[in-house]
Amino acid sequence: MQSSMSLSLSSPSTITRSNSTKVDLFSTNNSPTPRALRFCGLRREVLGFKSSSTSNSTAFLVSSKRQHVKNVSASLSGNGTPSKGFDYDLVIIGAGVGGHGAALHAVEKGLKTAIIEGDVIGGTCVNRGCVPSKALLAVSGRMRELQNEHHMKAFGLQVAAAGYDRQGVADHANNLASKIRINLTNSLKAIGVDILTGTGMILGPQKVKYGSDNIITTKDIIIATGSVPSVPNGIEVDGKTVITSDHALKLEFVPEWIAIVGSGYIGLEFSDVYTALGSEVTFVEALDQLMPGFDPEIGKLAQRVLINPRKIDYHTGVYASKITPAKDGKPVTIELIDAKTKEPKDTLEVDAALIATGRAPFTQGLGLDKINVQTQRGFVPVDERMRVIDANGELVPHLYCIGDANGKMMLAHAASAQGISVVEQVCGKDHVLNHLSIPAACFTHPEISMVGLTEPQAREKAEKEGFEISVAKTSFKANTKALAENEGEGLAKLIYRPDSGEILGVHIFGLHAADLIHEASNAIAMGSRIQRWPGTPFGFVMFNPDGSLDGNPGIKVGEEPQAREKAEKEGFEISVAKTSFKANTKALAENEGEGLAKLIYRPDSGEILGVHIFGLHAADLIHEASNAIAMGSRIQDIKFAVHAHPTLSEVLDELFKSAKVKVNISSPVGEPVAV
């Protein structure tokens, strides 16, 4: 199927094994207690912000002498002493977003950790995916606004014809990827993770080889090798006129006419970039409709806004059976056949073709045959706890697989969440990740986001299990802030059970959708019901996830002096955590790094006393915190909430994860369940 089912670019694309996910930041300063980068965002201490507290409640990492194995390239304080009889407590094969997130959490838990990388730190997401693509999309957003004469006139503005420098645009993307790659590396070094250079291979239980002949032992192993672009048979990729997303992100040229094979997330985002830069686009989609991975109603509206008014045409229900690169003055030729009958349909001649048909797991050469593990279409079979399953259906002790390599969910932030979940299990706490609570976003203009089930999926589930569903919808045309921005094209959709109030899915198309979705994803993760939402206050004329207006004068979420006064009167301590927008990938992509998020909380109970944000979209981001306070959520309840990457809302992810709570008391909200 030549529909791009990959929700995010998230892994390596060279023949050397990289990391991160599969198939369909700032260099650390001399802060005395360097912490971590998570989801390509810097933790607060890296930027010089120390968690302040009326006591010494924040436990900083302590330096310890460590034994090094051959080719170790990183060594600072923080990495623990390994279990007796092993070189390491945990070895991670692959240093993409998934492996990186697992490594940070492992060191935080006191595990002596190594990460093996055969290519470059950051994997696909940082080097050939999420990060550079968002830089290009930031440019396309600016161009699109400047080119929209009607939009500008509505504000009373007159703008001369907008132009761009192709190399300058490409440099913006490349520089952002380079900056974050360097600082991801520095973040691992800062906490003492051993970075072992070379291709990793499993030799047997708890034994790994990297490079040509380096062998190490470890108590537990995580496979996080990521994915590569999937190219169907018959398509010849030359890297110049027939390209994958890996090549397209370099923006070496902007074709006058480009065909994009696959209309999923990858294809749709690139259509946004290319049309903003002046290209004409033709989609080739194997299924009968464009954007097959979206909720149909959202997809229909998105097509009306993102496809129909732009220089885009499309062919649906067809395969590109053969694609030949341009040569000797001849254009790229694409032979189309009917997806069902396989009969010839048409031949296209274009300047370039982008293959956006998803991604394939990069698991060859891992040595899985040595431990009786058989991949399924390249994917490593795992259970709901990411434990690897062998050919006999038995669990392989001490072996886990996360990210695109296991095929559960092709998202960079899903890989990181899986890695964190595995570390929790390795440390003795049973933790099952609810994949239905993981949001996804498409960073077009306007954006698309979702969490949970689509309406057809929900109806199918309801029919099987014998319950009813209801659907609520509201338009951005009813939202004051959207109208003020002249961005009324948008829809928010809620799918739920009227008998219990269970939230089954939320879908948003419109301005800032990628950040708005996280209130819904947090609610699903925590098992919150609809009936817990109505009393939650929203700032007046802000983008509410349900599109409604409250008439509230604003949100007051507690100020630090007030919190300290309250603490002194009632006899408890407070702590403060901070994170900078300069650590946020999306903010950097938009050149909007000036910003700060601040959390005030009780370290003894995890109670949230106040959250303050200054920065891009702060008025939207604050509602995630206000909802948590309104529902009585504690830090420990939302610490593992998953945020789409890269989004501005990840400043809150960093904020909550950096908080140090002394006890593990939770609010009454239920623990996430497996799906």
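Heads up, the Cβ atoms here are built off N, Cα and C, so glycines get one too.
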Binding-site annotation, TrEMBL, NAD(+): partner of Gly262, Ser263, Gly264, Tyr265, Ile266, Gly267, Leu268, Glu269, Gly358 in Glu285, Glu335, Glu343: Glu285
Residue counts (helix, strand, coil, in that order) that DSSP gives for the domain 'Pyridine nucleotide-disulphide oxidoreductase dimerisation' (438-530): 33 helix, 31 strand, 29 coil
Residue distribution over DSSP helix, strand and coil in the domain 'Pyridine nucleotide-disulphide oxidoreductase dimerisation' (565-654): 36 helix, 21 strand, 33 coil
Three-state secondary structure, which DSSP defines for Glu285 (NAD(+) binding site): strand
Same-chain residues at least 6 apart in sequence whose Cβ lies under 8 Å from Lys134 (FAD binding site): Phe443, Thr585, Lys586, Ala589, Pro646
Spatial neighbour of Gly264 (NAD(+) binding site) that is closest, considering only the recorded positions Cys125, Ser227, Met410 and their CA atoms: Met410
Neighbour tally for Ile266 (NAD(+) binding site), based on other Cβ positions within 10 Å of its Cβ: 30
Collapsed DSSP category at Lys134 (FAD binding site): helix
Least surrounded among the binding-site residues, given as Met410, Ala412, when other CB atoms within 10 Å are counted: Met410
